[in-house]
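Database features, via TrEMBL:
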type	residues	note
REGION	81-108	region 'Disordered'
TRANSMEM	32-58	transmembrane segment
TRANSMEM	128-149	transmembrane segment
TRANSMEM	155-178	transmembrane segment
TRANSMEM	199-220	transmembrane segment
TRANSMEM	240-259	transmembrane segment
TRANSMEM	328-351	transmembrane segment
Amino acid sequence: MSAIALVAEHLVRRSVSDTPNEPSDPEPKQPFPFMAVILFYITIALLSVVSGCVGYVYGKVVTTLAAVEDPNPDVYVRIDDDHAPLNPENTGDETADVPPQKPVTSSLKGTISHLTTRAGRLAPFRGLVLYILTGIAINIITSPISASFRIFGSAVARFVAEILLANLRVAWIHIVISEPSTKSLWSRIPSWRKTFMKIAPAAALRSLAAQIVTFVPLTIAYGTKVLEYGSEPAARSPYAALSGGFGLLALFLVLYVLIQIPAEVTFIRVAASMLPEDDETIVPFDRSFGGKVTPEIVGGQGKIGIVDAWKSFGWGSRMRFLTVVGKVFLLQAALGLLFGVVLFAEILIFFGNKGFVDVSA
């Protein structure tokens with residue numbers, strides 16, 4: 001989507017340029033199209049908001065639920081209607097005829113319906129405030145270093161910041177996977193001293209994977225200058241930049257599936273295993289992870305290990321998680337295509353073919 005916006009913005013800049021190629025042309029100058037440019041940037045802003053909402057609700061909340069949901073909940077009792085009267089006549093052999101229930105996260109629409117039914121209309125945006133605050137805190141830590149040391153420094157700074165603020169991520173996961181609570185936001189953030197040593201290994205693995213997936217394509221982009229375009233002879237056209245962008249996107253997706261997804265799922269499941277006992281989960285969830293989690297009260301660590309967190313995530317759950325990720329990607333791609341068509345239509349309507357002439361020059 002950013003590549004589409006990049007090309008469209010380039011075309012708009014060409015269209016409103018005040019340096020004509022033919023200075024002897026007697027045709028008078030056209031007034032600067034302020035309203036057209038304003039509408040263009042409003043469209044880009046709207047794209048950012050819609051894409052951000054879709055990315056958060058489906059790419060963060062739903063995928064987190066998919067990472068922890070137990071497809072075979074033996075001890076989880078789902079209460080669909082708290083006010084439904086008990087009917088003893090319906091107990092007995094009739095339960096044997098009831099087909100097994102599909103996992104909640106097997107459907108994006110079903111997941112959203114489940115959340116809104118149990119936690120209200122704004123449930124899909126649960127944890128948004130803490131998510132934003134965590135992002136701001138990480139940027140405050142990384143920005144000075146990133147400005148001084150560029151790509152490598154930014155990767156190292158973000159790696160360290162993600163580990164130091166891992167307890168905020170843990171709190172966010174607990175908010176997402178649990179039923180609505182009367183606890184305040186700050187009371188749900190676990191103590192850094194008690195949490196750090198438990199979550200640091202998983203946080204380090206997750207952060208390392210994220211830096212590899214993010215900065216390897218960026219390093220290639222900077223090294224090959226595949227995304228550069230402009231008026232210089234060595235610069236590439238916006239169409240070449242677009243094709244290079246798609247190549248980098250393909251590399252990013254491969255790295256994401258092979259490296260980041262396992263690390264992300266592992267971190268989520270380790271954090272979920274630390275959910276306080278008084279918090280009820282909003283999806284079927286085995287707190288003991290098949291008996292691999294020993295409560296602290298009986299001398300255990302009160303969390304699952306990194307290896308067990310991934311091994312206990314069965315192939316059925318992995319495929320369901322990948323399906324969710326794939327659906328989110330297609331949804332984002334469809335949004336990008338839709339807004340791309342709108343952006344180019346705006347250029348044609350307000351500027352004609354002026355912005356498309358000789359774009360490779």
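Positions of Cβ are set from backbone N, Cα and C atoms, glycine also.
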Sort out for me which stretch, of 128-149, 155-178, 199-220, 328-351, has the most Cβ pairs below 8 angstroms to the transmembrane segment (32-58). 328-351
Let me spell it out: take the transmembrane segment (199-220), skip the flanking residues so only those 6+ beyond its ends count, and list any with a Cβ under 8 Å from a Cβ in it. 151, 154-155, 158-159, 162-163, 166-167, 169-170, 226, 248, 251-252, 255-256, 259-260, 262-264, 266-267, 270-271, 274, 303, 306, 309
